[in-house]
Each structure stands twice: as structure tokens, then as C-alpha cells.
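TrEMBL has this to say about the protein:
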COMPBIAS  168-180  compositional bias 'Basic and acidic residues'
DOMAIN    82-138  domain 'YdbS-like PH'
DOMAIN    435-511  domain 'YdbS-like PH'
REGION    168-189  region 'Disordered'
TRANSMEM  29-52  transmembrane segment
TRANSMEM  58-78  transmembrane segment
TRANSMEM  210-229  transmembrane segment
TRANSMEM  249-279  transmembrane segment
TRANSMEM  389-409  transmembrane segment
TRANSMEM  415-435  transmembrane segment
Amino acid sequence: MTDETLPAGSRTAPEPSADGWRGLSIRVVWVDFAKSLLSVLPAVVAILGFGIEPSWSSMWPFAAIAVWGVLSAVADIIRWLLTRYRITETEVERSTGLFVRRHRSVRRDRIRSVDTHAKLRHRIAGLRVITVGAGQQTNAGEAAFVLDSLIRDDAELLRSVLLREHQTATAETERPRDGDDIQDPPDPAKTRSAEVFATLRPWWVVYHMFSLWAYLSAAGLLWGAFWLASTFGVNLIDVSSRWISWGDLGWFETIAVAVVGGGLFGAIAMGVGFFLSYWKFELARVRSDDTSFLRTRRGLLSTREVNRDEVRTRGLSISEPLLWRWMRMADTNVITTGLSIWDPEQPSAILPRGPRSIAHEVATRVLGAPSPLEVPLPRHPRAALRRRLWWATAFTALGVAIVALPVATSVVPTWVLWAAIGVWPVALCGAIVAYRALGHAITEDYVVMRSGLTSRTTSALRRDAVSTIAVRQSILQKRLGLSTVSAMTAAGWSIYEAPDVCAHEAISFAAQAAPGFLDEFLGSSVCSRADEVASGPVRDL
């Protein structure tokens, strides 16, 4: 294969070898050197600034921080020494590893997405991290193709080449050396156009401040502050007692202060985190010659840009958390190949958590009008409600049976039994909520399915993207005349289900969801009905 050399982006970038292999930027070494110095700074401040007597009992936290900083810096330096990559006409290759050498290659025509992000230390040093989504098995937790750290200009050019935005992507060029004229990189504004779908609205922060995570964030931050202050000889409990007399408060008042204060502190922390993560957020459709991408940009201290090839997009889902459904809150994610569903940065999310109306508006622009997510979904049969009520009662009865004997023998107090019985009405309410969330429909191009208790999720999946269709029945479903239809695809969560469909309609729905799959097993009447749905108006089942 002929090596495809990238245009020059910076004089500090490493020169390619004779066979086209490149190394990472040497700037990462200086970044790690600075990180090593910063890791020993707390110990220096503790000794010189606060007069702490050096001893193992007082200095071990600072020693742990210093060791962690130095070891991570050394690991990065080893990675810089041993990592090489190159771009050919057909593949992207990377070779790395110290004790076990690993070589990985990805065909360029298999690339689904390109993610560019930078933490604060990368931005200060002018570095970027490239993550290439290339159809790895996201459900199996396979890692994406990552290049960390590249010069910013080289990262942008590499992203452009991998996304086929420049017509010269396959042309062989020679990198100029010091003293030569450096060609300016192509202006992206001249080669592509962007249609902005959504930008950050500051009031969306309300949707991120109030959740159970606020209390977990508050607990983590307060514990970290207490630990950090104690290493400097400061007891935060004694400090807080100057404003609050904990001894004069009863248990109820103490718990109330902790709940309200912790919730308020956590909500503020969540709000700050929202602006740090989504500052200058923008969702846009970027078009170049024969391709289009859904691009999101966001971040204040650490920036992130994700480009998703729309050719690989298989649909879209909108999730509404149960506890915050009264706020009409929704999460919006594309169903696409090549993006990890386990990534904490959620690359499939095209909007921050926000109002449901905005989510549906963006879905219409992404999928086209009329939006399949706006289709009215009829109720499932009452038998589906009876099944959920049966399971709620069965699990409650099992819990009561488990605690009955310990209560009878006075091993546990009586209130435990009453608490187990009290779960029953809550479980029945959950069964009703889960039943009301059920729905399914067929549109011209999409199969729409909705379900979920803790999070009601409505998914619109392209019918031509369905690779496998399955209809199954449990023993209880068979007695109730119900079936579950599962549509499988090589994208997103891989399987999308319509649970507890009427058994008489399940086969027909499956035939319409995956046109042509069941033709040889079904009669002409069902097949002709599927053809009518594919060419006619929306039909609800």
C-alpha cells in the first residue's frame, strides 16, 4: 500500500519515517513533566506553608499523590516512545505496547465516527486526542481506536481526511522540513456548510441540578474536602460548629439540615458541572461534497467534538426519566454504529438533558418530517397490565415470605414485615406506569417502539436497518395471549423490543418491521399488508 502522508500542521510534529510511520507529539513529554511537578506541590505546600511535621502518618496522602503523578507521567512517556501510527490509502494503523506489542488497523471505509477532544492540559499544550469509531462491538466493551496526543492542527487535518472532507485525502504529499514553506491547511468553511440545529440555552441547567446524583456529588465533594483539610491539620466539623451548634440539634433537625444542605450543595455542584461540560454546545448537520455528519461541540476547560456519519445513522431514541417526567425532561440519543454505549461521555447523545419539546423538534430535523417519534402509539391490550400486576404481586409476596420467619422468631423487628407489605402498593403503581409506557407503530421508513418503567424510551429504528426479527412467548405470555417482538440491528443497544404485543398482531407487526424477512414463512395476505404499510400512510397497530 502507498503511504498517505498528512499535510504539515506544525513544525513541532514528528517527521514520518521512510515507511510513513509517525510518532506522537513530543509536547506530551513536557506536559507529563509539568504534571509530575504539580503532583509533589501539595507536599511542598503542606511542609513550607502550613508547617506540618514530615512523618509517615501526616505525609502518606501527599506521597500517594506524588507517586501517582510520577507513575502516570512515566507511563505516558513510555507510550510516546513506543506508539506509532500511519495513514494509508485504505487503512489507519497504530502500533504500541512495551511488553506485548499490539498492532491494530482499521479500514477507512469502515470508519463510522471521529471524536476530537482535549482536556485542559492538552489545550494548554496545543494537543488533541482523536478517537475513531470503526464498528467495534460496543456491547462487548471493545475499545475504540485512539490516538493520544497529536498536534492540534495535525489532529484537525487527520479528522478531515478520515471523514473524507478533502478531495486530496488520497494524494501523496511530502512534509516540509524546517525552513521550508508550510502550506496552510484547507479552510473547513470553504469545503463544508453547517446547518445548526441547537445551541446551549443556559436555563437547561435546571434539568441537570436536581437528581439523586446531586447527593452523591455532595457526599464525594464533602468527603474530599474533609480529607484534604485534615491533612493540613484543619477539622471541618470544628469549623462548622462555629455556625451550627450540632449538640443542640435533635436527630430530626440534624437529618433535615444534612438533607437540605447536602442537596443544595450537590445541586450547585451539578450546575457548575453542566456548564463545564456543555459550554458553547452546538449541534449541527455538516455537509461536504457527498457526505453529511451530525456534529456536536461542547466544553469549557475540556473540549469535545464528535462527528457522526449520517449514512451510519439507524434511528433516534428519546428517553424520559420517571422521577422527572413531570418536568417534561428528555434525553436524546442517535442510534448509530461505531459509538460505544458504555462511554461515560455518551457520544451518541446529541443533546444535553433538556425539555421534551426541544428533543422532538431536533428529532424532526434529524430524521425528517414528519417525525416518526410524533406518531400516536395506541395502548397495548389489558392482558399486558395484568401480567405486570401479577409480577408486582408475586415479588411482594416473595419478599414478605422471606422476612416472615425472621419476624416470627424475633430475629428482626416487626416493622420490617410491615415495610415489606408496604412495597405492594408501590409495586402496583410501578406496574401501571410500566403498562402506560407501552406502545408500538409502523411508519413508512421506521418501526417505533416505546417501553420502560424507570425511563420511558421511545425508539424509532429504520426498517431497512433491522437485521434480525424475533417473536417470543413466555409461559405466562402464552396464557395471556401476548408476545414480545424484538428487532435487532448493528447499532445502539443492538436490540429494541415491543413487549407484550397482542399475539394475533405480533407476526404481522414483525413482518412489517422487517420487510421481506418473513415472506417465505407467511401467507400472501400478511406480506401484502406489509407492502401496503411501506407505501401508504402511517398505520398504528
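Backbone N, Cα and C define each Cβ position, glycine as well.
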**Fill in**
Across the domain 'YdbS-like PH' (435-511), DSSP yields 20 helix, 38 strand, 19 coil
**Asked** In the same chain, which residue numbers or ranges, 6 or more beyond the ends of the transmembrane segment (249-279), come under 8 angstroms Cβ to Cβ?
**Response** 200, 202, 204-205, 208-211, 213-219, 221-222, 298-302, 352
**Prompt:** Apart from its near flanks, which chain residues at least 6 from the ends of the transmembrane segment (415-435) lie with a Cβ under 8 angstroms of it?
**Reply:** 322, 380, 384-385, 388-389, 391-393, 395-396, 399-400, 402-404, 406-407, 451-453
**Prompt:** By a Cβ-Cβ criterion of under 8 Å, what residues six or more beyond either terminus of the transmembrane segment (389-409) are in contact with it?
**Reply:** 416-417, 420-421, 423-424, 427-428, 430-432, 476
**Complete:** Outside the transmembrane segment (210-229), at least 6 residues beyond either end, the same-chain residues with a Cβ under 8 Å of its Cβ set are 61, 235-237, 262-263, 265-267, 269-270, 273, 323-324
**Prompt:** Any residues 6+ beyond the ends of the transmembrane segment (58-78) with a Cβ under 8 Å from its own?
**Reply:** 28-29, 31-33, 35-36, 38-40, 42-43, 46, 52, 98, 227, 231
